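So the structure is just underneath, and the comments pick up after that.
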Amino acid sequence: MNTILAQQIANEGGVEAWMIAQQHKSLLRFLTCGSVDDGKSTLIGRLLHDTLQIYEDQLSSLHNDSKRHGTQGEKLDLALLVDGLQAEREQGITIDVAYRYFSTEKRKFIIADTPGHEQYTRNMATGASTCDLAILLIDARKGVLDQTRRHSFISTLLGVKHLVVAINKMDLVDYCEETFARIREDYLTFAEQLPGDLDIRFVPLSALEGDNVAAQSANMRWYSGPTLLEVLETVDIQRAVDRQPMRFPVQYVNRPNLDFRGYAGTLASGSVKVGERIKVLPSGVESSVARIVTFDGDKEEACAGEAITLVLNDDIDISRGDLLLAANETLAPARHAAIDVVWMAEQPLAPGQSYDVKLAGKKTRARIEAIRYQIDINNLTQRDVESLPLNGIGLVEMTFDEPLALDIYQQNPVTGGLIFIDRLSNVTVGAGMVRELDERGATPPVEYSAFELELNALVRRHFPHWDARDLLGDKHGAA
């Protein structure tokens, strides 16, 4: 066991008390990105090493692996802690997205180490989709490169609001303050084209030597700011989903016996309480929450991010892919939308093509109507194209086979994000983020027969405890 971990457990009074303390720590998900060979994997290895998160057997294996695959001579090659694929070690690059977990006294962390090579940009987008913060590494010798711009744009496109620009390999430029200042100015000039609500910070460091990673550097006394670890421990993450209206995509209908019917899923945004009136989309049927069931027992209220099962007071038709929201919320299903797309397939995306799309638990078919433009990553300008190539990013107009309950991605990533699936190979070929909604072709108002209206009025008059909805409620309100 890691001796530091053993000491922490002892200080907390045992394993159970230590685990409870861990559960109450805040969690930060972040990714490392940047151009190839900027030192992303080495930086993560340094963080794990300097925060004493490496076990004795891992350290022993690292010594052996450094001799066989290392690129740092007699020094430990810390990148080998995260470059686990054989191809990665042979080529000295990152290919897949590698996830690592560690914690300090202040916070828990999940790290996504993403590839720097352009052909693996799709892997980088996958890693960024769940993160709150991005560390953008820049080689102090090379400055801002195309991949730096590409990864910055993709990160912000996927909703990342906190960017830490880590100017790495300062040891190779003699810890020069002028080099740091020049790269900082270059990046800020580029960042003027990014969304204006970003939190951008700069840290000069050397992942190989450990300068300004977990401890202040004696070689850069001109820098008085926080270390990288201090930034990660103290950054205030405000998740938009906590402030958004309640959205609950149904992932599974749980029916273990005749006495229980629950709707399982993860609460995408907002909160829900027992007794609250809810509405089901696309049907529009209403009910109220009878129970909120979790692994640890029933709750009175659940918040965004919690995995729950909702039990309703009425037996109504709800299937996987339906969306539950507050009864007083208005969300009109749409068949047409403009989608920001990151294309991940060798075959280009072109108008006229059809794909399966998956949104939360909902799966349907969509047709590409037009490509408005492709983004030139070098200068973030828009250009007209006939198709979107591998790793291309652009704005695409789509039509769905059926109306979908969608949100704008920047407001709610779960109900505003989707993936494209090839219908023949079942391979994921693209990621989409809803930019604009067009309600053309949305579900038209329902016309009820005279018999249905009379029956509805009869039920509401004689059985008020059924809470039946007034089918003419909207028209009565207008009158």
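Cβ atoms are placed via backbone N, Cα and C, with glycine included.
Your range for region 'G1', going by Swiss-Prot and the list 34-41, 146-153, 410-417, is 34-41. Looking at 120-123, 168-171, 400-403, the range annotated in Swiss-Prot as region 'G4' turns out to be 168-171. For the ranges 92-96, 127-131, 267-271, 347-351, the feature annotated in Swiss-Prot as region 'G2' maps to 92-96.
The DSSP breakdown of the region 'G4' (168-171) into helical (H, G, I), extended (E, B) and coil residues amounts to 2 helix, 1 strand, 1 coil. DSSP states for the region 'G1' (34-41), grouped as helix (H, G, I), strand (E, B) and coil, give 2 helix, 1 strand, 5 coil. Here Met170 (GTP binding site) comes close to Ala140, Cys176, Thr179, Phe180, Pro204, Leu205, Ser206, Asp211, Asn219, Met220: these same-chain residues lie at least six apart in sequence, with C-beta atoms under 8 angstroms from its C-beta.
Neighbours of Asp37 (GTP binding site), defined as other CB atoms within 10 A of its CB across all chains, total 18. Across the region 'G1' (34-41), mean pLDDT in this model comes to 77.
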